[in-house]
Amino acid sequence: MNCFRAIALSLSLFLMGLVGPIQAQLQMNYYANTCPNAEKIVQDFVSNHISNAPSLAAALLRMHFHDCFVRGCDGSLLINSTSGNAERDATPNLTVRGFGFIGAIKAVLEAQCPGIVSCADIIALASRDAVVFTGGPNWNVPTGRRDGRISNASEALANIPPPTSNFTNLQTLFANQGLDLKDLVLLSGAHTIGVSHCSSFTNRLYNFTGRGDQDPALDSEYAANLKSRKCPSLNDNTTIVEMDPGSRKTFDLSYYQLVLKRRGLFQSDSALTTNPTTLSNINRILTGSVESFFSEFAKSMEKMGRINVKTGSAGVVRRQCAVANS
C-alpha cells in the first residue's frame, strides 16, 4: 500500500511539474489587467523618439539579441556592476547602445504601474516597435518575462557569437539557444540595418591569419575601399561603417545579396556561404519577396524572444533596470 501511495505521490508531483511551466508561459497582452496601457506606453515612447534617432532600431535589436543569448531574455544585460564584470562590461557589449532609452521607458512605466513591467519585456517590446517604426517587419511579442539578477561578463563573452565566428562556432552558439540554421540565416538578416565599428572586422583587412594578410573570402575591391575610405589601420576603434552599404536604414534583402557577392562585412556573414544549408536558405530568401522574408524573420524573432525566459517566481521585476537588487 505504501508503494502505491509513493507512486501516486510521484505521479502527482510529476504532473504538477508539467502544469507549472505551462501556466507560467509567456502570453499576449500579459499586462492587460495589471498595467493595461503598458504596451501602448512603450510604443508611444518609441514613436515619439525614433524619428530623432532612427539608428536606435538596429541598436535595440542588437541589445535584445545579446540579452537573450546570455541567461535567456531576462534583462541581465542592463545591469551595472561596480566591479566592472557585468554582461555590459564584456567585449561584445561595449558598443551596445540604448541603455538610457530603455531606462527612460522603464521610468515612465514605473510612474504608471510600479513594480509591474519587467525590463526584459521592455527590451523585447521596444526593439520590435523601433524596427516597425522604421519600416521593418512586425512580430508578436508575448510578454510575462521576469528579470534576472545575475550578470557576468564571462558568460557574455562565452555565449554571444562574435563577428569573427566561423560556421562551426555560429552553429554551436545558436544551437545552444535552441535556434537552428534557418534561424541563424534569418536573424543574421538584421544586419540589413545599422552600423559597426572598424574593430569588429579590421582583422579581415589587415591581419586575418596573424601574418598581416587579408581574408581571401572578402571581395578585394570592397576590401580596398574599406581600407582607403573607412578603416585605414588595424587599430581604428572609433570609425563606424554601414553593415549594408547604401541601404542601412532600410530593412530589405540587400544584405543577403551582398553576402553572396562576398561583401558581407563580418567573417560571420561570410561564414553563412560556407555551409550548403545556410547557403541554400540565403538563395531561397532572395528568390522570394521582402514580405516573405519579413514573415520568416518575425517567426525567428518570436522564437528568440522565448529563449530561457524566466516567468512567475523564477525571476523578479527590477524597479531600476540598471540595478540588480532594485
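Heads up, the Cβ atoms here are built off N, Cα and C, so glycines get one too.
Whatever TrEMBL says is automated annotation, not expert-curated.
Per TrEMBL, the features are as follows:
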type	residues	note
SIGNAL	1-24	signal peptide
DOMAIN	25-325	domain 'Plant heme peroxidase family profile'
SITE	Arg62	site 'Transition state stabilizer'
ACT_SITE	His66	active site, proton acceptor
BINDING	Asp67, Val70, Gly72, Asp74, Ser76, Glu87	Ca(2+) 1 binding site
BINDING	Pro161	substrate binding site
BINDING	His191	heme b binding site
BINDING	Thr192, Asp244, Asp252	Ca(2+) 2 binding site
To the nearest whole angstrom, what is the C-alpha distance linking Asp74 (Ca(2+) 1 binding site) and Asp244 (Ca(2+) 2 binding site)?
30
Cα within 10 Å of Glu87 (Ca(2+) 1 binding site) is the criterion; apply it to the recorded positions His66, His191, Thr192 and give the hits in sequence order.
His66
Do me a favour and check the Cα-Cα span between His66 (active site, proton acceptor) and His191 (heme b binding site); whole Å is fine.
14
Report the same-chain neighbours of Asp244 (Ca(2+) 2 binding site): residues 6+ apart in sequence with Cβ closer than 8 Å to its Cβ, ordered by sequence.
His191, Thr192, Ile193, Ser254, Tyr255, Leu258
List, in sequence order, the same-chain residues at least six positions removed whose CB sits under 8 Å from that of Asp67 (Ca(2+) 1 binding site)?
Cys73, Asp74, Gly75, Ser76, Leu77, Leu78, Glu87, Ala120, Ile123
Arg62, Val70, Gly72, Asp252 filtered to the recorded positions whose C-alpha is within 10 Å of Pro161 (substrate binding site):
none
Who sits close to Gly72 (Ca(2+) 1 binding site): which same-chain residues at least 6 apart have their Cβ under 8 Å from its Cβ?
Gly148, Ile307, Asn308, Val309, Lys310
Using all protein chains shown, find which of the recorded positions Arg62, His191, Asp252 scores highest when you count other CB atoms within 10 A of its CB.
His191
Model confidence over the domain 'Plant heme peroxidase family profile' (25-325), averaged pLDDT:
96
Which are the residues of the chain, Asp67, Val70, Gly72, Asp74, Ser76, Glu87 excluded, whose CB is within 8 A of where the CB atoms of the Ca(2+) 1 site average out, their centroid?
His66, Cys68, Phe69, Arg71, Cys73, Gly75, Leu77, Ala120, Gly148, Ser151
Count the Cβ atoms, other than its own, that fall within 10 Å of the Cβ of Val70 (Ca(2+) 1 binding site), considering every protein chain shown.
29
Other residues near the Ca(2+) 2 site, CB within 8 A of the CB centroid of Thr192, Asp244, Asp252?
Gly189, His191, Ile193, Ser247, Arg248, Thr250, Phe251, Leu253, Ser254, Tyr255
Would you mind checking how many other C-beta atoms are within 10 angstroms of the C-beta on His66 (active site, proton acceptor)?
21
Using Cα coordinates, what distance in whole Å links Asp252 (Ca(2+) 2 binding site) and Arg62 (site 'Transition state stabilizer')?
17
Taking the Cβ of Asp74 (Ca(2+) 1 binding site) as the centre, count every other Cβ atom within 10 Å, in any protein chain shown.
30
